[in-house]
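Novice: I have a structure I would like to understand better, so I am pasting it below and will then ask my questions one at a time.
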Amino acid sequence: MAAALAREGGEDAFRRLFRFYRRRDGLDLRGVVDFSAPGNQMVGSQLSISSVSDQDAYRAGLQPVRQWKAYSLDGYPGFIFIPNPFLPGCQRHWVKQCLKLYPQKPNVCNLDKHMTAEETTDLWGQSKEQLRRKNSSKGEPKSLLEKLRWVTLGYHYNWDNKKYSADHYTPFPSDLAFLSKQVAAACGFQSFKAEAGILNYYHFDSSLGIHVDESELDHSHPLLSFSFGQSSIFLLGGLKREEAPTAMFMHSGDIMVMSGFSRLLYHAVPRVLPNLEGTALPSCLELALPSDFPDGSVIEHSSEEDWQVCAKYLQTSRINMTVRQVLPDGQSFPEDSEQTAVSKDSYHQEDSKAKRHKPNADS
């Protein structure tokens, strides 16, 4: 069915496939590319092994680059998919950072639109007990962490006027900058500098609308995407919505790099799926960080208490970190201090009808 819809082409072929994978009943996943089981459509992608030392990879919580698998897709030059290259236990660090540390002030989140700074000062502290006690009842009130939809880091994207600005900036997290630098270097982008991040928090009724990431002043640098928690379907299309997209799974720990031609393609996330392994959490998240993990890494040990909260959250959720370089190398913002950004179409969507949802709304 998905293949037939893709062949139809015509006006807004992307939208038809988006709606197909949003459907709740009788979802056919046979047309979804799974990079954990490579097939004919994908080809191996060459990495720059010498650009990242084993020590730096280890410090970022990653396997040596020579052990990574990397793939590209026919028709998508510049697209690189790296199935989970993280060392055992290291994904937990990034999940905890996204839930406990990165939402803290002065970073910006969707809840700021409707709540005071005092009310959003400690989302983790206000949510952890409620999350830990949470059962499967749909009637339970949501914790503040469950109402979190996005957090911005570094240069904060303004969802209302579609701009980055020089005066709306907070220091980019050093651990995420280091991770991003190693991944970018391994993919051939040695000068990459993490300057802006958008963290998206999805639940089973969430989706990411069809859009293009073209807000940054420099498109020669890649867009990096890191996924944790439940799996999702990612749609990667073309330069126009008339081009039907390719559907692929993004599993916990997977990294996606969009560069070159693929940097400005339409893309979307129509669905988040319960763990395809049949357990509450993917098996890669069940392993804790070894007690003898060496000092000098950006990876921190998570307490069992903290991980219980994170694990409870992830049973129905997915977290995605996207990192980008905003400015050309060695340059600053133009004198008007702002760069107009064109965000084509809705960004974040929610509920079974894929209703248009403004990213800065608390829902």
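Cβ atoms here come from the backbone N, Cα and C positions, even for glycine.
Computed from a predicted structure; not experimentally measured.
Below are the features I grabbed from TrEMBL:
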BINDING   His211, Asp213, His267  Fe cation binding site
COMPBIAS  345-363  compositional bias 'Basic and acidic residues'
DOMAIN    193-327  domain 'Fe2OG dioxygenase'
REGION    328-363  region 'Disordered'
Novice: Mind giving me a neighbour count for His267 (Fe cation binding site)? Other Cβ atoms within 10 Å of its Cβ, every protein chain shown.
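Specialist: Result for His267 (Fe cation binding site): 23 other Cβ atoms within 10 Å.
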Novice: Around the C-beta of His211 (Fe cation binding site), how many further C-beta atoms are within 10 angstroms, looking at every protein chain?
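Specialist: His211 (Fe cation binding site) is surrounded by 16 other Cβ atoms within 10 Å.
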Novice: Does Asp213 (Fe cation binding site) have same-chain partners at least 6 apart in sequence with Cβ under 8 Å from its own Cβ, and which are they?
Specialist: Leu223, Met258, Arg263, Leu264, Thr322, Arg324
Novice: Would you list the DSSP helix, strand and coil counts for the residues of the domain 'Fe2OG dioxygenase' (193-327)?
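Specialist: Grouping H, G, I as helix and E, B as strand yields 19 helix, 51 strand, 65 coil.
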